[in-house]
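Here the structure is laid out as structure tokens; the discussion comes afterwards.
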Amino acid sequence: MRKIKRLNSSLAEFRREFDELLLRGNVDMDTVIPVVSGLIKEIRTQGDAALLAHVAKFDRWNPKSAMELKIDPSLMKRAYEGLEASLREALHSAYNRIHSFHSKQKPQSWLDFEENGTILGQKVTPMDRAGLYIPGGKAAYPSSLLMNAIPAIVAGVKEIVVCTPTPENEPNELLLAACHLCGIKEVYKVGGASAIAAMAYGTESLGRVDVITGPGNIYVATAKKLVFGQVNIDMVAGPSEIGILADESAKAPWVALDLLSQAEHDEMASSILVTPSVELADAVDVEVERALERLDRKEISSKSIYTRGAIIIAKDMNEAVSLMNEIAPEHLEVLVENPFGWLPEIRHAGAIFLGENTPEPIGDYIAGPNHTLPTGGTARFYSPLSTEHFMKKSSILSFSERGIRELGHHCAKLAQTEGLDAHKESVLARLV
């Protein structure tokens, strides 16, 4: 029987092995930066001509003009109308729940009125134009379209652009249907680093955007990293991952399937179980092997779970939680007797799934919170994609005459200390 790599916190070599595990998110972008930089430069200097050439090279069809890259909204409408009723119902259910959750996130403008007549506050404004990158082809994910588009819609973004690779010029019908559901009219058959560059810098036919969000391969991730500063981005994400905290009460068949739910995404995905129960660990090994036999993506899942997966035996649940905080997984399932009791101790995770009836896939599709999450330990400082990614804040200041007289001399003193005479005089002129 094959077994998932196992670490035990009581062994001398544990720290070394655990530190190696923490490097799971390290992706060597250095090898692809020259290629991606070249593609970006071509888009910046050649515009649509470069886009057409890149589509011909990478997606294996030959558009004659930039007009052919844009998908007619009527095709999206037709794709939506062609959906079977149950699938349309599922998409609408997902849309409504995602919209409801992200509406609760939306920040509000505010003003604070001081006694001396001074007004301070914050104005929250949506971005003018957002670019969504959605992987395409046979592996197109309409759920990714919903998760990226709906926060932008809730934020109030007026113009939403979608770029998606379309091999052999065959758009994914389900993705087109999801675009229609979201009311998106501007969809381009462009993928990879070329799409990121086009959205960041603009071409003759594709106007530049203010923020780019969405998942992609290492070329897409590298391109997003390189154009950051020209535009805002959501995050630089790597392969998918799941961490599971479990005690002896967890059901081994469920734990096994939950680990495999991420392993089937990608050979580079990480699936990690941390538990104080050796009995559970042994049972999960058996159940993983059993489940693999009936999975369509057995080859990918098997390679992922046995080369990138791990089971960590902790001395108790306190240590298990501490180790999981170091891992800071993209998805964290808490399969213990009292999951909410451990919630205050969990500090670092993209999304936290509490209880045995909350498997990670429910968050991928229908729960409501966003499934675009920080990976590779970046949950220590990054947050999930949210409505706020599509909004920006401006500070508001309005001083009354009394207000500036009360604070002006303090301001002038600080400006003088920093040697900025014009700053000082600008304030003092109003105190005469």
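Cβ atoms are placed via backbone N, Cα and C, with glycine included.
Record features, source Swiss-Prot:
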ACT_SITE  E330  active site, proton acceptor
ACT_SITE  H331  active site, proton acceptor
BINDING   S240, Q262, H265, H331, D364, E418, H423  substrate binding site
BINDING   Q262, H265, D364, H423  Zn(2+) binding site
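Location within the structure of each feature annotated in Swiss-Prot.
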residue: S240; record: substrate binding site; CB count, 10 Å: 24
residue: Q262; record: substrate binding site; CB count, 10 Å: 29
residue: H265; record: substrate binding site; CB count, 10 Å: 20
residue: E330; record: active site, proton acceptor; CB count, 10 Å: 30
residue: H331; record: active site, proton acceptor; CB count, 10 Å: 27
residue: D364; record: substrate binding site; CB count, 10 Å: 20
residue: E418; record: substrate binding site; CB count, 10 Å: 9
residue: H423; record: substrate binding site; CB count, 10 Å: 15
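For E330 (active site, proton acceptor), the nearest neighbour among the listed binding-site residues (S240, H265, D364, H423), judged by C-alpha distance, is S240. The CA atom of S240 (substrate binding site) is located 9 Å away from the CA atom of H331 (active site, proton acceptor). Look at Q262 (substrate binding site): DSSP puts it in a helix. Counting in whole angstrom, H265 (substrate binding site) lies 13 from H331 (active site, proton acceptor) by their C-alpha atoms. Rounded to a whole number, the C-alpha distance linking H331 (active site, proton acceptor) with D364 (substrate binding site) is 10 angstrom. Among S240, Q262, H265, H331, D364, E418, H423, the residues given in the record as binding substrate, the maximal Cα to Cα distance rounds to 57 Å.
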